[in-house]
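Let me begin by presenting the structure, written as structure tokens, before commenting on it.
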Amino acid sequence: MPFTLHGIPVSRGIAIGRAYLIAPAALDVDHYLIEHAQIEDEIVRFRAALQAVEHELDTLRADLAADAPSEMGAFIGVHLMILNDVMLVQETIDLIRTRRFNVEWALTEQLERLSRHFDDVEDEYLRERKADIEQVVERVLKSLAGAMPPSLHGGCDEMIVVAHDIAPADMLQFKGQTFQGFVTDLGGRTSHTAIVARSLGIPAAVGVQQASALIRQDDLIIVDGDHGIVIVDPAPIVLEEYTYRQSEMALERRKLQRLKFSPTQTLCGAKIQLYANIELPDDAQAALDSGATGVGLFRTEFLFMNHKNHLPEEDEQFAAYRRAVELMNGLPVTIRTIDVGADKPLDAMNSGDGYETAANPALGLRAIRWSLSEPQMFLTQLRAILRASAFGSVKILIPMLAHAQQIDQTLDLIREARRQLDDAGLAYDPNIQVGAMIEIPAAALALPMFLRRLDFLSIGTNDLIQYALAIDRADNAVADLYDPLHPAVLQLIAHTLREAKRAGVPVSVCGEMAGDPSFTRLLLGMGLTEFSMHPSQLLVVKQEILRSQLKTLEKPVAEVLAAYEPEELQAALQRVAQA
Ligand code: PEP
Ligand code: MG
């Protein structure tokens, strides 16, 4: 029976494929009591299924592509450990022996018990590991039923991941995989899970409430990533229509490739820089492939995720930064210092400092606030970035600054890191530039404090919107109020661009607004000349720039900024689009 679900569109395009449920909410199995004489046979059946799954996971690990993210191997390793864990295996066998449950019943009963235990665990990251146990149990159940679930690695290339939620760290494992789309119950347009999904360049919808409960394993589904629609079990005529639209879009994408080598300038000849946002060093390749003229935002926190009890050492970080810098081959690479917290928790942060229990993590010890509270960790990262600057063109970008003394402390620590490198005789770029993210409204309203002290600015619209409107960017319950076109947001952006220009300080936008072609003309008209976005968005934004003329944008953009009523604003935006 076909049905349609609605969510938030986060990554464009159409995906058609079979649902691959990660940790389905309900595991539907038979429940019956076995005879006493059947107990040993039932245990043999269980052990055979465990062995089959172990073999499957071993094969998956052995077949991992050489360039697969290291997290992928670690992820399979965790599943193997769970598979052999006494709590799962022995307790299930005990249930078969003592209660005479059939093995499927015993296994799901034991899963229930473990889940309850996990729900009580305070550590948020550990609590989320519940999903791993569910996935392992699901594999065993499938094996018992004689059908193995689709493999996580290189499986069918028409697979669409459906999940209740995926942590940004877990999302990383999908890089380099062959999934066609993503659907999650939770999330907002600029949640970091959505950002990573977008970086994979495949259609995705988040905040599709109940999707993981209503969609079943292997259901045929269509994900319309432009409208946030998921159609389950579509009628043949609908399928035909979407298949047609899918091929049209593929054609459009191929046509866009022609723009790759053309210089980015408006019709009137104004030169615009298009930079890439990356999460991992190897993403620099995608940046180059898209024609980016540099990396405008390297979100280094992703290097720190999936590290259980420690943070990466200086040499490990240095190697990662250097790799991105060398891949970019002389083009500028803006490396942002670690921005953890809110929807990007870090395993190694959960050290009893109260961080994980903060009532409002988005307002708590996040980003530079955490870095300044851990000066040794911060110095290590600064040294690693500085060392990478000897291999290309590097800039340092600091997230979430709002106070003058935070800027001063940060600059002091950068000086200290340089002194330490001098003492150790290690090379770095002595003219390295340091910039600030403008992503807290207070920062946008106190710009002279930044303009006097720093070399450049980068506007983080994702957080700027979140903090200006008091809307959690990851919460789908308030996603409709997360509005990049709210007059207050537009004023903050326009003001920042104007003041930075007046002071002669370079400024870019690296939030998701920069990669959304529907905002390109507006930002150009406000005076933006440097955009940083996911490589997958670069050509479509470029196309918009090539069609724009700054002179004709002036008047309608001024009208947008003077509009405070929704109808007035909409009308002015129309005029921007048609200018
Ligand atoms: C932003 O806030 O706009 C930004 C680019 O940083 P992040 O999305 O990583 O918070
Ligand atoms: Mg931010």
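Cβ from N, Cα, C; glycine included.
In TrEMBL, annotation is done automatically, which means it is predicted and not curated.
Fair warning: this is a prediction, and the values are worked out from it, not measured in the lab.
When TrEMBL is compared with the stretches 36-63, 120-147, 400-427, the one noted as coiled coil is 36-63. With helix defined as DSSP H, G or I and strand as E or B, the domain 'Phosphotransferase system enzyme I N-terminal' (6-129) counts 78 helix, 16 strand, 30 coil. Shown for the domain 'PEP-utilising enzyme mobile' (158-228): DSSP residue counts in helix, strand and coil, namely 19 helix, 17 strand, 35 coil. Confidence annotation: the coiled coil (36-63) carries a mean pLDDT of 90 in the model.
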